[in-house]
């Protein structure tokens, strides 16, 4: 019975993807162990290569035991197992969020290396209920309260085939098949708000959980039928994103959309232009929306971006501030720099690296730069934007700025494209 429900879910979620490979994120907990066994049956039935990925966060003593256990199960099922390690660097600030991001970075990067397009995770019905309660406490809007069974991360599709299966059914499945699992001690700690909500839900009547699920479904329907199409229309009509890594928002067209969608549009642009993975909080975006309604020009900074109103348009471009992007050595044919730009070399170029333009560099080569196209496109903000673009150097010398076709030698040839690592539950930028 459980497998039939799982099979129906995964077939509906994947659709006509035509997969030959798939990966499953598996820890030692009951949810993901059940996912592994169910996914194995499905993969065998559909002649699909299943890879198993575990991430050790190096936070609990038994985590290595769990990874070893999953490796043994994978071996017994003739499935490849990959063990990854998250380095928390002894920084325990906002650890849950950082560990989650680190985990997904590691897993999706491995998927890209293995040419795997879909990653299965073990989020089940109880997780969705807890998430709804957490977001309700934070006064989230329609987008925040909604849930999704398909997400994107690092251009990998994240699929949750257990979304309508309660944890109790997964545990029952494991017990009936005499399959062992590990309990995470941190799940019983009052240190985390999620655990407190979980305990309250466990003590409540069944109708409370059923009512939350019903509310969630209503919100999801409203999002799918009204707000998601509106968001897509808003992006298509009001947003222009340029290869230089900046964007313009047409405020006249922007004005006709709902406030819920306006918040998402601003966040969409902030994530893409900043190269960050997380959206800005609503309380940070709200002042920008208020400024827009005042119909006066302004210049603010938020979320690693400069937001500059110029008449009826909003220009958004990268702001480095105190945190400059890391330099990247061009060892391979291409690299991603600042989580936004892909730089490709078309010839052997030893000892070169990608970095940002310094003021000293700019002074030395200023007279050789043709900034007219950038000046025209950016409403004369070229002098700021030029410092946000990738440049290629050998030692201390700038040899290329591909965006503006600057090369100090005819032998150099580099390509650059704007390729932000955009993460969203509602839209996918690829």
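Each Cβ is built from the backbone N, Cα and C atoms, and glycine gets one as well.
DSSP classifies residue 31 (ATP binding site) as helix under the three-state reduction. Counting every protein chain shown, the Cβ of residue 31 (ATP binding site) has 22 other Cβ atoms within 10 Å. The ATP binding site feature in Swiss-Prot is assigned to 27, 28, 29, 30, 31, 32; the stated evidence is sequence analysis.
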If you take the centroid of the Cβ atoms of 27, 28, 29, 30, 31, 32, the listed ATP site, which other residues of that chain have their Cβ within 8 Å of it? 26, 33, 34, 35, 122, 181, 182, 184
Relative to the Cβ of residue 27 (ATP binding site), which residues of the same chain, six or more apart in sequence, are found under 8 Å away? 54, 55, 66, 70, 182, 184
Name the residues of the same chain, 6+ apart in sequence, whose Cβ is under 8 Å from the Cβ of residue 32 (ATP binding site)? 24, 25, 26, 121, 122
